[in-house]
Amino acid sequence: MTNTIVAKFGGSSLASSEQFRKVKEIVDAKPERRYIVPSAPGKRNGKDFKITDLLYLCHAHVESGIAFDDVFKLIADRYISITQELDIDLDIQVHLEKVKSDLMDGASKDYAASRGEYLNGIVLAKFLGYEFVDAADLIIFGENGCYDPLKTQSNIQEKLKNIPNAVIPGFYGATEEGEILTFTRSGSDVTGSIIAAGVKAKLYENWTDVSGFLMADPRIVENVQTIEKITYKELRELSYMGASVLHEEAIFPVRDLGIPINIKNTNCPEHPGTLIVDDSYENTSHGKITGIAGRKDFSVISIEKALMNLELGFCRKILSILEMYGVSFESMPSGIDSMCFVIADSQLKNKKEKIVEEIKRQCNPDSIEVYPNMAVIATVGKGMAQSPGIASTIFRALAEAHINIRMINQGSSEMNILTGVETDDFEKAVNAIYRAFNE
Ligand code: ASP
């Protein structure tokens with residue numbers, strides 16, 4: 001490991017000149033912050049636009065043969081005001097004109113979207129006095145459209161070896177032929193993680209507009225505490241909750257090297273935020289939980305058949321049917337003669353009847369029912385392993401709040417207890433569980 005810190009700044013952290021100033025102060029405060037990954041400028045207020053959304057819009061206009069000057073002007077104005085207000089010695093117009101003419105010439109959708117980060121990278125590099133290194137020269141996408149970790153890692157090591165400080169735009173890379181491709185939305189988080197792994201950083205800082213992960217959704221639970229430390233695995237178990245703060249794929253590149261991720265708030269840099277650490281981290285909070293996450297809109301397909309446990313291949317047939325219909329399931333609690341599949345309604349959509357018919361045809365069950373309106377709550381914590389009383393605390397809390405539990409599931413890793421409740425009871429249930437562990 002080196003002493004380097006890779007710092008990624010999200011769209012809201014770079015939405016205006018005022019935000020750029022905060023970023024410079026943060027970067028200047030620690031010389032170890034050597035590689036900086038910016039997103040495109042985000043919203044300055046509730047009514048504002050994200051530059052990436054406007055770029056997608058420009059591309060859609062070109063595709064439909066509609067003039068996009070007005071939309072492009074919104075993009076150009078943002079970069080011009082940032083460079084002017086920061087008094088940066090940079091002719092941003094030249095870069096804006098090139099992007100505009102590429103769009104007019106029919107540039108691809110990914111290329112269009114990537115220009116938000118590209119332009120912001122040029123501006124930020126100039127403002128920080130760092131070198132600009134194009135992500136297209138570092139992050140390689142293979143023929144299958146996925147990024148190629150091996151080629152990318154050796155590329156990063158080779159190209160950044162002699163560059164002590166650089167700004168590398170997030171969100172995109174290129175194929176070996178030079179075609180620009182992007183990650184999925186919010187993909188600058190992934191870029192930051194890849195760069196951190198490539199330079200063997202001691203820390204990957206992800207600067208955003210919240211001070212880390214909260215133990216539960218603040219729209220549901222009042223005065224909710226921040227999670228100080230969480231392991232990569234716990235975070236995966238809480239991915240219902242984490243996804244909006246950190247891109248789901250961002251943990252994988254750094255996880256393999258045990259590089260911690262620190263979620264920090266650009267608007268409150270003194271707050272320690274949340275540290276995402278290696279799975280081997282010994283949790284000292286034995287008997288406590290790390291967080292609660294949940295989601296509504298699940299259905300349960302419940303299947304019963306006498307002597308199911310002895311029928312070879314019964315489960316495989318059902319799984320093949322789900323696979324055939326492109327449906328993934330969330331959880332699969334089972335009994336001796338019964339089995340159920342908890343599936344997000346968004347997955348089932350209009351396939352429900354067809355799946356039920358196919359299961360009837362292939363598996364001949366005694367009964368099969370689909371029960372809608374279930375919410376699933378994940379209560380997660382490494383500290384619950386080998387610690388008696390966690391499940392009883394959850395169940396007592398729900399019973400005392402007069403909430404019926406429709407489903408229970410605990411993985412053998414003893415890190416996550418899933419409970420299914422009626423959709424209408426969801427908020428009440430999350431509050432009851434949170435209070436039971438925090439009061
Ligand atoms: N600008 C891109 C988006 O809005 C990527 C990112 O912000 O990470 O999705």
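Every residue, even glycine, has its Cβ placed from backbone N, Cα and C.
In the three-state DSSP scheme, Phe9 (ATP binding site) is classed as strand. For Lys8, Phe9, Gly10, Gly11, Thr208, Asp209, Arg219, the entry in TrEMBL reads ATP binding site.
Annotation comment: TrEMBL describes Thr52, Glu117 as substrate binding site. Summarising the environment of Glu117 (substrate binding site), the number of other Cβ atoms within 10 Å of its Cβ, over all protein chains shown, is 30.
Summarising the annotation, TrEMBL assigns domain 'ACT' to 379-439.
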Binding-site residues whose CB lies under 6 angstroms from ligand 1, from Lys8, Phe9, Thr208, Asp209, Arg219: none
Inter-residue Cα distance where the pair is Thr52 (substrate binding site) and Asp209 (ATP binding site), in Å: 18
Pairwise Cα distance for Phe9 (ATP binding site)/Thr52 (substrate binding site) [Å, integer]: 15
Stretch-averaged pLDDT - the domain 'ACT' (379-439): 91
Rounded inter-Cα distance in Å - Thr52 (substrate binding site), Arg219 (ATP binding site): 27
Glu117 (substrate binding site) and Thr208 (ATP binding site), Cα-Cα, nearest whole angstrom: 15
For ATP: widest Cα to Cα gap among Lys8, Phe9, Gly10, Gly11, Thr208, Asp209, Arg219 in Å: 26
